[in-house]
Structures are given as C-alpha cells and as structure tokens.
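Enquirer: Below are the structure tokens for one structure; questions will follow.
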C-alpha cells in the first residue's frame, strides 16, 4: 500500500512517465507483499501439562512437562517443552541451565532404547530381547550366589552374606523404586550395596 | 607524434558518400554494452536498497533476497568488463591543453557553433571526464562493495569500517548515476553518435564536426581503405 | 520474595489464546515512510538485568535455546567461560565474563554480564534496514525481526550500537533476541527471565523495572558500591533491556558495554543526508537533461560537414604512403 | 539440611564453605540472594577458587584444599576468646557442661588411645563421667576444668589467626574479617546458616569438617533457628531418599543399621541400640528402635516374620567389616573376589577414585549389569577410545548387559530433596524404544531368580521365597503400592495405649505415622521416618498447597517432609529454656503454657515441658554434642589433619600422614604421591552448566560448556609456560589427563607454612560418550582413600603435576 504511494513519489521525482505502465508487468506484486508484523505462534497451545520434579540436584525444582498426548490416559505422549513450575515454593518457576534444558536430556541422541549384551571379549554390543537379557541375568546371579553365598562364618554364626556380587543403586530413582530395589538386594543378601551418597 | 595516441586499433576511414569512419570495433562495442547493462541493473538493484520509495524495484529481480545476492555479483561483472574497456581507451582519454581551451568555450559547444572551438581528437573533455569519473567511481564502489558484502566477507572487517564503506558506496553510486545520465543524454543530444556504439561507425561529417583532429590524423596517417 | 518483582505470576497457557501483539501495535516499521500511528499505546515493557545478582549460570542461554528451538552447536573451550564463543544466529543471548581487579580495594571482581539485544527506544537496526517491515518496533518497546521480510543485507548489523544481530548462513536472514515477543503476546515474560534462578533478570513494565532498580541500587550502595546505578542509555533514547551495574560509572569494564552508546553518525549520515541529497541530485540531473533536450536544439551533422570530410579524404595520402 | 531451601531467606549471614551453592544449586541459591536483597544479609565464601558463588559474595577468603578444620577451629577459637557465644543456648542445649573422663587427652595431633598398627583409636576414654545415678555428671557453671567447654577451649586455642594463615594460606586479615562477621551471629537476634556440600565431604577428614561447623553453629546458637542450621546441599535429586531408605551397605531403612557378626540374634542386636537417656527426663527417641525394627522386618517378610523366629532377623546379612562400601567393593573386585556387579543409574568408572584401578577391577568381573536411561562410560569400559579410554578390548572377558530404563519424565513417584521434602511427580512422556521402569526390572530379576530357586533350589532361598511381594501386578509394583508399604499399616487391630479397649488403627488401615508403630508384629512399616507420607488421609507427598502463613518459608501444606512433616529439625531450640523464641521475629514454635504451637511441627512431644525435656530428643543427652564421645572414629573434637597427599607436612605432627584412622588398602598406600614429585594441589568440582556425567549427553549443556578444561593461576601458567586455551597434561601418581587450560585470576597461589602452593582446579563433567567433546574426569588422578567414618573418597585434595602438551589422540578404530 505505502509502497504504491512511494512509487508514485518516485515517478514524479524521476519524471520517467512511461516506466509506470511497464513496471507492473515486471512482477512488482511480490516486492509489495511484505508480510505483516506478527509474533511466533505460541507453541504450548493445545499441549498436556504434567507436574514433575527436576531429576538433577536436590533442590528438587518443580517443573511442568508440556507434551503432545496425555500419558495419564495411556496415550503416546511426546514431550515438546519443559519449564519451571511457578507454583512451586522453592524455585518459583525458575530453573538452572541444566533444568531449563531437561527436554534435551529426555530426547538426547544417546538415550538407550533396547537391551544390549556385550559378550566376553567382544568389541560391540548386540541387541537382545528383554527375556533373553533378564533370563541371562537371573542365571548369572543365581549361579554366583549359589557358589559364593556364605551362610555361616567360621564361628558358626549365621551371616547369610553374598559378597561376590555387588550393586550400586541410583540416587535419581524414586523412593518407591528405591524401596523395591532395597527389598530385592537385601533379600538376596547383597552387602556390597551402596548409592551415590557414598561419593 | 603525440596525437597519434588518439588513433586506436580499428579506427579507419572508408571513402564514399558519405565517408564512413570506423570508431569502435565489435569487441569494444560488446564490452561497452555489457558494462552499460550491468551499470543499469546495478543502479536499479542498488536504488532499491537505497531508499524505501525505491524498494519496489527489488521486484525486477524477484524479491529482496535475490536483489541482495545478485547486486554484488553484477558489480563484479561491471568491474571486469569496464576495466577491459578501460585499458583499450585510456590513452585516447588523457586530457590535453586543447581540451581546456575547448572547455572554455563550452557555451558555443552547447549552442552548436563548434567552428569557434579548437579541433579535437577522438574524445572531447566531457567524454574524458565521464571516462575517468567512471573509472574512479567503479574502483571505489567495488572496494567498498566487497567490504560490505557480508555473505562472504562479514568477518573480514570491523563494523565501523563497514559503516564508512556503506556511506562511501552510496555516495559513489549516486555520483555514478549522475555521470551515467550525462553520458547517455550527451549521446542522444549529439545526433549521429549512437551509431558509433551500435554499428561501430560514424559519418565523416560527424567526425569532421566533433573530432576533426582525429579525422585529420586518420587521413594524415593514411588510415584509409582503398576505395572501391 | 513478596516485594521482588516476579516475572512469571502464572504458568504459560495451554488453551488457545490469540497473540495480543500485531500490526496495529507498530510504533516503527523499517523502510516505511508513512506508517499509520499504532491503534493503542501498550504499556512499555522492560527486562532488567541486575548484574550484581547474576551468578553467571547461563540458565538464560539454556532457556533461550529451548524456547526458541535453536541449535547453537558444540564448540570448543578456548580458555574462557563464554560458550558459545560469541552471539550467533542460534544463540540470542550470552553470558560474558570479565575478571576485574578493583583498583580501590585490590579485590578481584568477576563481572558477569548477560549480553543480548537491548531493544533500544531508537533502534539503529531498524533505522538501517532497507526492507519494508523486516524490523518492527511495537508500542510496548519490543524490537522484533520479521524474517519473511528480511533480505539478509546485514545493514542492521551496521546500524546496531551494541553489535547484536547475527546473519544466518543457513537462511540468509538476521537473528537476535525477540524479548520472547511470542510469550509477551500471551502475557508471559521472556524465557530467560522466567528461568533466571536468582531473578537477576526480571521483566515487567519499564516503570516498575526502574523502581525495582532503585531498590537494588540502594542495596548496592549500602554494601559500598557508591557508583552503583542503572544503565538505560539516553543515546539510543533509553532501552527496554536495562542493567543494574555496581560500577555504573564505567560500563566498559563489563565486557565492553558501551559507555555512551548511540547510533553511529556515519549510519545517520548514510540513512539521512545522503539518502535525500542523493535522490535530489539524481533527480535534478535527469530532469535537467530532459529539460535541455526539450529547449536546446540537438547538435546535428550538416551536409557541408560531410563534404568537408570527403574533401579531406580526397587530399589525404592513400594507405602505406604517408609514413 | 536441618532447614528448608525456602528457609534460607530468613538468615542474616550465609557461609558457603565446602560447597559452591550458586553453581551446584542455583535455584536453591535464589534464597540467598533473597536474604541479601530483603534482609540485608551478608554472604561469605571460603573456597580455594573464586567461584561464581564468590562473585556475588560480600566477603571472600581463599583457603588451601583440605584445611577447613583448622580454619573453622580458628573461628571457634576467635568466638570463645572474644566471648562471642550464645551463652544461654550453650549452657542449656549443648553438652558444654558435661564432665569428661580423665583418660581423655589430645597431643601431637592425636587423641588418647591411638594404635598405629590397627590405624584405630581405643575410644573408651572419650566419654563422660557417669555418676552413681547412672547419669552423666555436669557442671552448669562451666567452671570444671574437665567439662567439655574447657576442654574445647584448650583444644582450639592453638588455632590462632597466625596458625590458620600458616596451615590454610588464608591471609590473616581476611580470616579475621570472616571470623569477626561470623561472631556477630552469637547474638540471639542474629542467625547464620551454613551451606556445604562435597567440598567438605570428599576429604579423608570430611565428617570432622562438618562437625567443626556444626559445633560453631551450636556455640552461636544457630541450630533449630529460622534462617540457621547445618545445610548439606545434597547432590542427586534423591540421594537423601536413598540414604533415608538405607540403600547403603551399613544401613537398613530409616537409619536403622545392618547387624554385624557380633550380633548373632535379635536380642543381642537390640541391646546396643535402645539407648537409655544420659540425663534425667530426656526422651532419647531411639528407645523406640525395636518398634521400627520389627515393623521393618514385617514389611520385608510379612507373615513369615514372627516373634518366634526373631522376626526373621537371621534373614538379614551380618557384616564382618564396618561396611562393604564402594571402595571396599572395588578393592575386592581388583583382587578378583567379586564376580558380578549391578550399576543402576550409576557411572562408577567416572565417579570413583583412581580410574585405572576401576578399569582393572571391572575387567575382572564375570558380569556387569547396567541400568540407565543414557549411555555410560561404565557400560562401555571395555571399548577403546584412544587416549580417552585406552583398553585392550579383546582381553576383557567381562560380559556386559546394558538395560535401558525410563527417566524422570516417564515415571511416577516421590523424590526426597535436601530439605527432606518428599515430592510426588507424574509421568509426562512415553518411554523411548523398549525402555522400562527400574521397578519393573528389579521385579523381573527377583521373580525370575525366585522361580529358579523354586525349580532348582540353591543357597538359602528362604528370604527370597518369603519376601513379601503383595502387589496387584507382581511384574510391576506401582509407585502407590510401594509408597503405602513405606508408610506402613496395621496388620492386626492396633489398640490405643491410653485406652486398650479402643482400636487406634483397624487391621489393614495405613498408620497415621510412626507413633502408631508396634514391636509386637501388629504393624508393618518399610521406613519409619517416612511414615505419614501415605496414610489414610491419602498421598501426602502429592499435596500442593503453597500457602505460607506470615511468610516463614515453612509451607506445611506442600508435599510431606520427614519426620512427621517437620520442616526445621531441632526447632525446639529456636525458643529459650522457658519456651519463648530467642528472636520473636523468627518464631517457629513457642510454649503457650500447656503445649507447643507455631508455624512448624514441634521437634519434641507437643506437651513436653520446656524446662524438663531438652531439644535434641534423638540424643541420649537431650542436648547437642560439642564432644561426640566415641561416636566418631577420628576424635570427639575435630583436629587438623592433612589430606593423604599434602603439599606440606602436618604442622601439628610432621609424621602424621592424612587421617590417622582412615582405612588404606596396601596397593593404594603405594600409590600416594609426594609433594617433591607432584608439587601442586589438585581439587575436583562441578560446573553450573553441567550435572555430573548426564548433561554432556544434552546438546544444550554441551554447547554451554563443551570441553574438558583445568583452571590454574596466571602465576602458575607463567611459571610453566602454559597458554590460555592451550593443551596441558595433568598427572598424578595414579594417572594422567589432557585438558584445555583456563588461566585465571580467580585462583591465586597461597603461602602455607612458608611454601608457595599452587592449586589446579579440575572439573568433572566429561567422558567418552555423549554430545560434548570427549574428555577425561578428575578421577583418573584422585587417590583411592576415604573418610575415616563414612569412606567418602578424598577427591577434593590431592597432588598433581602439570605441563603444556598436545591434544589427546582419538581411537584408531
């Protein structure tokens, strides 16, 4: 519109009367159709909000996961964005450089997707099914436990220790997972059992 | 003899009625028109980015992005073609005393009484000024143009340098366009001139009227084709 | 926190909301001669960066990348904490670190400044831009690039007094901080301010931000920084991104923050005088020529000129003779 | 943390020492900036490096790594010498007045009872004088020469500002500024908070570092106060939870501990744990130990645990050593005594000291099982990555099984933060590929092993066979089911002690909290301190009421805090002997004549009379301990000990190397370097752009801090001809790394005992997997020795050498 005006201005100025008619033919439509000012489409529209906690440090900032699809309804939920939860008393919506980039932790290229086994001496991991992996684990663990489980010490005191297999538990798992893990590990008699608190 | 520097390869007289004088060989002419075309395209694309009221000109080049990338490349073409041309013509364009005498009587020239003026070689002062002005402005433009050519040379110079470059570039461009207008107008005003760059020849009468000394030199040096 | 301004008073909306920032709110529009005035005056906004509260954690950079879906890429360590090494088309904001020994106390001060677009009231980028509507300024003060209109000439880079815009080799358009115009348009603050752990970055109306800055400056003075002050440079008509500096008397110690920023006089001349004088000169030239063509008769070659020429040729020695 | 993150806003002085809160816990650090902005609070940072925390501090003092005890003892000495003491608090709430046995002594850096061969103390002399009444003898006037107060005064008197400068390299005037500012918080109306982390724990004398500050805080009367306390800024999101739940070799849940061989039966086990009060009328809450223990056994083994079989006490493994901690396990592995290892969300190859030894140890395993959402260096320890992981793949026989797990965003449950808040979260995304929840995986391992034992029989299957696994879907217990177990429920009707005819909790109902637990088998509870998290009121961990009456920062309606939703531990100590708040503006609770009322759950029986019951109810004394009796292996008072690798000898006793009672394995003793060979002090740390070895997998964080580097002073760089951004090689007796050099003014040479000491800072975020550039970790260099009490490796102070070098070579694969 205002380009139209200013062109007339120009024509007066240059006095090249004839030009006017021909210019139209030269595809000026394009030059004039400047896109009107607009802001980026707000990307969280029509996403599902889920309240979660940052898994990194122990400040435990409140976060909100924005996903396409609702995991609570069993739908496939694709995480689109993660941002601090304004309602959280500790972080008040703020996040550190790690927390602010949580989405790319969830989607990182090196996320593991399938069970893998590296055979003795091999230089690669090979994909296996969960059943293969878990049966193998149960077998390896039982064999070692049966071979090395100590029921009584020299003094004949029942000690029920299994020292030849150890476990490190993850300090980023939930209390509930930790409790399940605790039950299994201590029941098996594993004493070499620690978590990051040791470091 | 100095004046012979006005005679260039291809200049020759062809007897007849009217006498025909070769002024520009075909290569020279092609060269001239490449230069002319690129200069026009540069003016249009440059002006488009020079003032908002002219931005519509980007339409000629298929939009702003295209105008932005194509302008500098045309500049390179102009630079090359003009300078080939330059090395062919520069001798004939060296100003001489007579040019200033001529310039002193510019009024008579414009009034059409050239008999009152000293006889001239292949070019008159006006043409020489156009020639040297273009030569200078094109160098300035290409240098400043490269400095502001961010697509390739963004990191080559500091921003303050680029700012000055743009300023100079735009001034140079304005001057170039003015010179261009003079050049074109003069060619139209002095009838019989255009054919020099179309057919490559002028009539003996034209040469006699505007560049008598050049004509005499050609004759004097026997630059005359054997008639019939 | 009661008396701290809080950038985010509520979590972002997920229900459809229309952007409350559009063409009708334009205060300035690049390469546009006759822009109608904005239909309404929005409250002027500002981002206040309190350098004395900043812990240089780069949460702002992280949040910026995530919100704007950019990919700054993995660089290398060149012996400093700045990463990426500089602003780039995928990194709109950057923490800059400088180790400064205070000559008065001989104590080391690690001055950390969040660099990025200042959203000048008088934007040099917009002034320099030749493409209509490629750079716009909304009546709330946000200076935004409309990439569809950007032609990639890089003039804005020369126009900017703070060396902020960066040209993308990928799509040949220029990028910089948008002040999260898309968030502001739905009533949210910028991603960096929302994330900032210590709320060294806060966002709100420019008025409130100035008031908050006063509180902060008072606190800093009470801690012995008698030159503490607000950076809202008048040279560019004030900015919509402001700093609280503990040493406001010497902004340059904060990784070369300009002491007295202004649009370069060179750019002003180029975009001012030259533009108009130039057009006039060319116009007059053309008009003059046309006029002369109309009134003065053209110079024509007459019959006698031809005869003179023939005569000359007759007398002249033939090829080869005249040596 | 004794207090909550949100409580820090109430402080007047923040001391960040042994930590770097702004970088490691930025959003928690927000509350420091709030205290500064709105209370005019001051921030002191004491650190070998001028950190990003220091960049916003009011006062920074440099210190040589590993000398914190000397510094803090110096501050204690300053406060005692200048009468900067909260006297009322000291007399009534600490054991300052307790009389100590005559045998106890300290000289030449050692306490009485040291046995050099055993590297241990005979701690019998480190105790109170017990009167005929069976209670500890005290002298409230603090005049008795053998009272704790006077012994402490004598003990710290050596730590003069000059001595502090000599040991720590902290310029005397800087130290005095710090001491002076800290001492102002002895006023009842002035409160200081201590924020620390691995900068204190990762030393062979780590526990004593923390003791020293805790003692200072008691002397200043800052424990239990709003804006005060000892605040351990824990690392991982649920490191607190896993410790609370006893996922450690020496623990059971809720700080009940593992039985040892010396405790063959339950009776013997209980003997040493049901502590009787040491002062009249005190609570000594551990008297309830039996209730918690029996309820725990019932949670583990349900009906099969009966009074007759000692609640299956014999199912529990009995320890023959203090603990099978990580270091011991890797030592055993290195000796070929370990065949299998399971790493659940853990990357030991980068996390523990002496990487060369770790690689050798892992190579001796028959099988290694890793469970992780991400690739880890540990899972690929056998893979050759040139200089980054130079191993002979073919010769490594270990079978590695790598299991993909879900991450936080794909699972539901609770995490316990530093402030002891148990916060519930929900799943927002679908797991990638075939990734599974850890709970599912653990269930599968258990069910498949139990099945094998059922079919084949084998070694002592009873605990497996009887493990209570009562879930709707045994293959995957839900978070809610497990949480309810942790909270505990009545197995049979629980009667009201006050009125035995009244049913307090009907059979099958969740208990309200641990006060309802019984030792007769009528209740079960997975973790007593968590009891109350999921009772009949529902899932209290999911509560989201963020109201905060009078803005105290308590947020009682937000999720659940252990114990019984208490937000500030020892909050009884925030009020004076009569029960009035020391500082009315900082009231947490107060005695209204018949009970305690206020903003928080009282850390004492609500009706316990103020003059009678002391605030520290977990202690037999009822008061806090300036003198810890025999509870710590390396002394009842903190005393300066050099790191095992130190640039100068211990000025107290030149012959003393490291912590005299730390456990040192023979092979590791040979691998300690000397300052002659390795003149510079190395220290490891985190950077704010990264979280351990996780975020290097994240393109964004990788962009923010892409490459491994070390930080050195301009002086050292000049001396060694090292250029900013150039490659350097840093090596210790145990290994070598290559890094880019960051040359900075933020690290300055220190002068200790007349010797110039240069510090080399080594961040820990790089490895050979992920999005960031390949790099090394400091653990290639760190010594394989731990704290004398808890075996946390000494990763914060060791000796290295440095030189300019070329970059590392990639794998020739």
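Just so you know, glycine gets a Cβ as well, placed from its N, Cα and C.
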Enquirer: To which of C:64, C:153, C:160 does TrEMBL also attribute binding of [4Fe-4S] cluster 3 at the site defined by C:117, C:120, C:125?
Expert: C:160
Enquirer: Of the residues C:129, C:177, only one is listed by TrEMBL in the [4Fe-4S] cluster 4 site with C:150, C:153, C:156. Which is it?
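Expert: Site partner of C:150, C:153, C:156 for [4Fe-4S] cluster 4, according to TrEMBL: C:129.
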Enquirer: TrEMBL lists region 'Disordered' for one of the ranges C:1-23, C:24-46; which is that range?
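Expert: It is C:1-23 that TrEMBL annotates as region 'Disordered'.
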Enquirer: With C:64, C:177, C:180 listed by TrEMBL as [4Fe-4S] cluster 2-binding, which of these, C:54, C:192, is given for the same site?
Expert: C:192
Enquirer: Where does residue C:180 ([4Fe-4S] cluster 2 binding site) sit in the DSSP three-state scheme?
Expert: coil
Enquirer: Excluding near sequence neighbours, so keeping only residues 6 or more apart in the same chain, what lies with its CB under 8 A of residue C:180 ([4Fe-4S] cluster 2 binding site)?
Expert: C:67, C:188, C:189, C:190, C:191, C:192
Enquirer: For residue C:60 ([4Fe-4S] cluster 1 binding site), what is the tally of other C-beta atoms lying within 10 angstroms of its C-beta?
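Expert: Excluding its own Cβ, residue C:60 ([4Fe-4S] cluster 1 binding site) sees 29 Cβ atoms within 10 Å.
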Enquirer: Other than C:129, C:150, C:153, C:156, which residues of the same chain sit close to [4Fe-4S] cluster 4? List them in sequence order, counting a residue when its Cβ is within 8 Å of the Cβ centroid of the site.
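Expert: Along the chain, the qualifying residues are C:30, C:125, C:128, C:130, C:131, C:134, C:135, C:145, C:151, C:152, C:154, C:155, C:165, C:174.
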Enquirer: Taking each of C:57, C:129, C:153, C:156 in turn, which of these binding-site residues have a Cβ less than 8 Å away from a Cβ in chain B?
Expert: C:153
Enquirer: Under a three-state reading of DSSP, tell me whether residue C:64 ([4Fe-4S] cluster 2 binding site) is helix, strand or coil.
Expert: helix
Enquirer: Counting only other Cβ atoms and using a 10 Å cut-off, which of the binding-site residues C:57, C:156, C:196 scores lowest?
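Expert: Relative to the other binding-site residues in C:57, C:156, C:196, C:156 has the fewest Cβ atoms within 10 Å.
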Enquirer: Using C-alpha positions only, work out which of the binding-site residues C:57, C:60, C:64, C:177, C:196 is nearest to residue C:150 ([4Fe-4S] cluster 4 binding site).
Expert: C:177
Enquirer: By DSSP assignment, list the helix, strand and coil residue numbers for the domain '4Fe-4S ferredoxin-type' (C:108-140), in that order.
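Expert: Per-class counts: 5 helix, 13 strand, 15 coil.
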Enquirer: Sort out for me which one of C:129, C:150, C:153 has the most neighbouring CB atoms within 10 A, since those are the binding-site residues we care about.
Expert: C:129
Enquirer: Taking only the binding-site residues C:54, C:57, C:60, C:196, which one has a CA atom nearest to the CA atom of residue C:129 ([4Fe-4S] cluster 4 binding site)?
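Expert: If we rank C:54, C:57, C:60, C:196 by Cα distance to residue C:129 ([4Fe-4S] cluster 4 binding site), first place goes to C:60.
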Enquirer: Give me the count of other Cβ atoms within 10 A of the Cβ belonging to residue C:177 ([4Fe-4S] cluster 2 binding site).
Expert: 27
Enquirer: Check each of C:57, C:180, C:196 (the binding-site residues) against chain A and write down, in sequence order, those whose C-beta lies under 8 A from a C-beta there; write 'none' if there are none.
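Expert: The answer, in sequence order, is C:57, C:196.
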Enquirer: Which ones, out of the binding-site residues C:57, C:129, C:150, C:180, C:196, lie near enough to chain D that their C-beta is under 8 angstroms from one of its C-beta atoms?
Expert: C:57
Enquirer: What is the three-state DSSP composition of the domain '4Fe-4S ferredoxin-type' (C:141-170), stated as helix, strand and coil residue counts?
Expert: 8 helix, 5 strand, 17 coil
